[in-house]
Amino acid sequence: MKSQVQPKLIIHGGAGSSLHGKGGLEAVRQTLHAVVEEVYALLLSGVNASVAVVRGCQLLEDEPRFNAGTGSVLQSDGQIRMSASIMDGALGRFSGVINVSRVKNPIELAQFLQNSPDRVLSDYGSAELAREMQIPSYNALTELRLQEWIQERQDNFKRTMAGVIAEPELLETSNAGRGTIGVVALDTYGKLAVGTSTGGKGFERIGRVSDSAMPAGNYATSYAAVSCTGIGEDIIDECLAPKIVIRVTDGLSLQDSMQRSFAEAHDNKRDFGAIALDANGAIAWGKTCDIILAAFHDGEKIGDTLELAVGTQVGSIS
């Protein structure tokens with residue numbers, strides 16, 4: 001009988017500019033740690049990685065502080081359109097929804113599609129799926145995001161994206177919003193899964209597609225799993241998540257795979273971050289931006305990346 005594996009977990013709430021105000025940083029830390037604590041308890045109880053990933057994404061989507069689910073940013077026309085995907089590493093199966101509106105948890109639609117012959121749906125298909133699933137209509141708008149959009153409309157949308165995090169004292173004043181949430185889990189059976197969800201970059205052209213609903217930003221195999229956050233176009237151009245996972249599959253350690261991928265990203269002036277696990281339980285994160293809002297459980301304790309030095313950096317725990 002195969003012995004059980006020590007589960008591992010890492011989550012993120014986006015990446016962007018450094019947080020201003022210690023009170024705000026501590027609020028973000030408490031939120032991330034609470035999610036890690038709840039989801040890790042599920043993993044210890046024996047649930048599989050995909051179930052844990054969905055639960056983690058639900059909790060993060062329900063937190064108005066982050067740009068996914070409740071608190072998603074508004075697009076140029078003032079509407080919220082969200083995207084999410086999940087990939088089961090053991091099955092090698094990806095599913096997702098693109099630009100869905102009026103649902104509380106887009107990750108639930110992505111999860112449902114895991115067992116569908118049509119596993120990635122655009123806006124109309126996602127809306128029809130929500131009706132088929134009898135998911136109640138939900139307004140994900142928050143007052144902070146509405147005021148952010150109104151201000152940008154008055155300024156004729158000078159910024160190219162919204163703030164990464166919705167805190168009155170923390171709302172970004174530069175083009176630095178990179179809001180996404182993601183969860184990567186290794187369960188007691190040694191299986192990996194990853195989920196990523198986003199409200200988009202904010203103020204974007206109608207129809208823009210996020211990396212969060214593509215393998216480029218959310219990818220897993222039986223060897224490794226990666227969730228990305230940052231400028232979606234940069235993530236797509238680097239094909240970041242598959243690049244890291246394939247390097248692990250080809251024999252590099254997770255740390256070396258992250259180091260090489262982020263060195264290339266730095267040279268290419270990319271703007272993003274990523275979190276990752278491998279099948280051996282190694283935990284890793286990387287960023288080219290100021291900060292990545294990540295927290296993890298290494299099997300013994302909870303840690304986070306909220307106070308890393310500014311600039312390109314990769315870290316890992318074996």
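Using the three backbone atoms N, Cα and C, a Cβ is placed for every residue, glycine included.
A quick note: this is a predicted structure, and the numbers were derived from the prediction, not measured.
Per Swiss-Prot, active site, nucleophile is recorded for THR180, and the stated evidence type is similarity to another entry. Marked as substrate binding site by Swiss-Prot: ARG208, VAL209, SER210, ASP211, THR229, GLY230, ILE231, GLY232.
THR229 (substrate binding site) carries a strand DSSP state (E or B).
Checked against THR180 (active site, nucleophile), the binding-site residues VAL209, GLY230, GLY232 differ in C-alpha distance, with GLY230 being the nearest.
If you take the C-beta of GLY232 (substrate binding site) and look for same-chain residues 6 or more apart in sequence within under 8 angstroms, you find LYS201, SER210, ASP211, SER212, GLY217.
Most Cβ neighbours within 10 Å among the recorded positions THR180, SER210, THR229: this distinction goes to THR180. Reduced to three states, the DSSP call for THR180 (active site, nucleophile) is coil.
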